[in-house]
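Chemist: What TrEMBL records for D78, V81, G83, D85, S87, E96 is Ca(2+) 1 binding site. The substrate binding site feature in TrEMBL is assigned to P168. Annotated heme b binding site per TrEMBL: H198, in sequence order. Under the heading Ca(2+) 2 binding site, TrEMBL lists D255. Per TrEMBL, disulfide bond is recorded for C46-C122, C79-C84, C128-C331, C205-C237. Feature annotation from TrEMBL assigns domain 'Plant heme peroxidase family profile' to 34-335. TrEMBL lists 1-18 with the feature signal peptide. The site 'Transition state stabilizer' annotation in TrEMBL covers R73.
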Amino acid sequence: MVMIHIFLTAMVVGGVSLFPETAEATVMGPSMQKLTWHYYKVYNTCENAENFVRHQVEIFYKNDKSIAPKLLRLLYSDCFVSGCDASVLLEGPNSERMAPQNRGLGGFVLIDKIKIVLEQRCPGVVSCADILNLATRDAVHLAGAPSYPVFTGRRDGLTSDKHTVDLPSPSISWNQAMSYFKSRGLSVLDMATLLGSHSMGRTHCSYVVDRLYNYNKTGKPSPTMNKYFLSEMAKQCPPRTRKGQTDPLVYLNPDSGSNHSFTNSFYSRILSNKSVLEVDQQLLYNVDTKQISKEFSESFEDFRKSFALSMSKMGAMNVLTKTEGEIRKDCRRRN
């Protein structure tokens, strides 16, 4: 059984509380040790960089609350492929953003806007990788998540190849999902927590229809799916789209819906067999992740603490620092 509270004890590294605003914790792994708390202020290169990012996110969020889940997905799609190097932001016919798994990615416009502002104030200093991590933190905080610390000093990657994108299908089994997260140096607690990002946002019906009509190629719906919820989802997602019809979008968490609010109701839905995606529902079919889901459904604060820890770990995956990579002037293109 996973002892969640062991991982959520407040920690201090190098004399700095990692969660000064929320007294929450993180783990200082090798990649994170390459980064610096308030990097741009410490090295006096762009003292107000984080404030500039936060201000632009706040302006954007007032008009479009969906920016929070969009940035979460964008950051995940970046970090889980080649590390948090902003490679997903690069344009090109064979770039990562052109991979089938990255269909529908959003948030690029906001990142571009922030980059323009920072280039005006601190030319050639703040990386697109840091902007993406900071903007995601600030957006999800506005949606109700904790304001976890983002250590900075990342540099931007030089390559982006759609053939390297190995993001898994949302219909994978628990064992496949756990194997994938472990390959990125993340734990069972990280997996259960980061999947909680699905407490907001939307997905295409094409990622859900197998659960509704052809579970495990049986020609029948998932036998564990709540019958009422199955009926509601079937109304939104037909077995196949008609000619010329677009792939419909459905909310990953109908409870938060268009509010796109960060909430632990995602875990209550898992326990009630009302998850939209199979990978989320799979959390119920393992002893550890079932216990984690139960605890998070009962304690929003435990979920928030664990989310802060796991997001900090994810944001430090395979980062480039010092003389590695570059600081792009335009996040969509190499210098």
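Glycine too: its Cβ is placed from the backbone N, Cα and C atoms.
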Chemist: Just to be sure I understand the packing, how many Cβ atoms besides its own are within 10 Å of the Cβ of C331 (disulfide bond)?
Modeler: 22
Chemist: Let's check the environment of D85 (Ca(2+) 1 binding site): how many other CB atoms sit within 10 Å of its CB?
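Modeler: Excluding its own Cβ, the number within 10 Å is 28.
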Chemist: Between H198 (heme b binding site) and C237 (disulfide bond), how far is it from one CA atom to the other, in Å?
Modeler: 18
Chemist: Rank aside, I only need the closest one: which of the disulfide-bonded residues C46, C128, C205, C237, C331 has its C-alpha nearest to that of G83 (Ca(2+) 1 binding site)?
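Modeler: Sorting the disulfide-bonded residues by distance from G83 (Ca(2+) 1 binding site), the top entry is C128.
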Chemist: Take the mean position of the Cβ atoms of D78, V81, G83, D85, S87, E96, the recorded Ca(2+) 1 site. Which other residues of that chain put their Cβ within 8 Å of it?
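Modeler: Going along the sequence, the neighbours appear as S77, C79, S82, C84, A86, V88, G157, S160.
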Chemist: What are the non-local neighbours of C128 (disulfide bond), defined as same-chain residues 6+ apart in sequence with CB under 8 A from its CB?
Modeler: A86, L89, I111, K115, D156, R328, C331
Chemist: If you count Cβ atoms within 10 Å of each one, which of the binding-site residues D78, E96, D255 comes out on top?
Modeler: D78
Chemist: Count the Cβ atoms, other than its own, that fall within 10 Å of the Cβ of C46 (disulfide bond), considering every protein chain shown.
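Modeler: So the Cβ neighbour count for C46 (disulfide bond) comes to 19.
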Chemist: Could you state the whole-number distance in Å separating the C-alpha atoms of R73 (site 'Transition state stabilizer') and C237 (disulfide bond)?
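Modeler: Cα to Cα, R73 (site 'Transition state stabilizer') and C237 (disulfide bond) are separated by 22 Å.
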Chemist: For D255 (Ca(2+) 2 binding site) and C237 (disulfide bond), determine the Cα separation and express it in whole Å.
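Modeler: Taking the Cα atoms only, D255 (Ca(2+) 2 binding site) lies 18 Å from C237 (disulfide bond).
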